[in-house]
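A.B. asks: Can you keep this structure in mind? I'll have questions shortly.
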């Protein structure tokens with residue numbers, strides 16, 4: 001089974017500002033769990049005028065208790081309490097045409113639940129032309145223009161699937177060819193109920209992931225709005241100051257304290 005989630009949102013800010021805020025969105029007051037962000041690849045295609053970026057995010061993350069209750073004890077080993085997970089993010093941005101496509105996926109616990117988020121940011125068709133790059137005020141230079149974003153999330157659990165397939169393969173390899181009229185009800189029923197139990201568990205895992213995705217999407221939108229408002233009020237300098245303040249909060253420190261983390 002596969003679960004899908006889709007949502008649409010409009011930022012009341014121009015596309016250049018929204019695309020910049022996307023790359024500066026971690027950390028923010030709604031995402032203090034993000035510990036670090038590293039760019040592992042970035043290149044500009046002069047023929048298409050497109051910028052492609054691959055980043056790796058490290059986040060504080062644990063499997064939710066409701067999900068852990070569904071899993072056999074000890075199956076995750078020490079990884080269940082590690083408290084950190086990696087997210088791989090890829091993006092392509094075309095400022096000239098006014099769109100950006102992103103894809104993010106989890107690198108941890110993929111056998112339990114794979115989550116792939118795809119987003120498309122677009123300047124409305126009736127939007128204003130791209131502002132002069134020499135103008136650093138990305139918000140005021142295209143005032144009145146918004147940015148539409150569509151988010152699509154695919155959730156897939158393969159938990160227990162390999163075991164079911166392995167058992168089917170072993171049964172097929174060892175079972176003799178039945179004689180005419182022989183009774184196969186026992187093995188057939190056992191395989192049926194085993195598959196049903198696995199499918200039911202996968203659906204439960206996906207439903208838990210779907211609920212968390214709805215919550216995370218709302219927080220993500222709010223976090224972006226915080227970054228955009230900082231950009232509008234104080235430019236890039238205020239955004240960087242805000243990132244530093246949120247990073248201190250992530251480590252349990254007061255941004256106003258004179259004793260700051262080195």
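Using N, Cα and C of the backbone, Cβ positions are placed for all residues, glycine too.
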A.B. asks: Which range is it, out of 167-195, 196-224, that shows up in TrEMBL as region 'Disordered'?
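C.D. replies: Per TrEMBL, the stretch marked region 'Disordered' is 167-195.
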A.B. asks: From the ranges 137-157, 242-262, grab the one TrEMBL calls region 'Disordered'.
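C.D. replies: Per TrEMBL, the stretch marked region 'Disordered' is 242-262.
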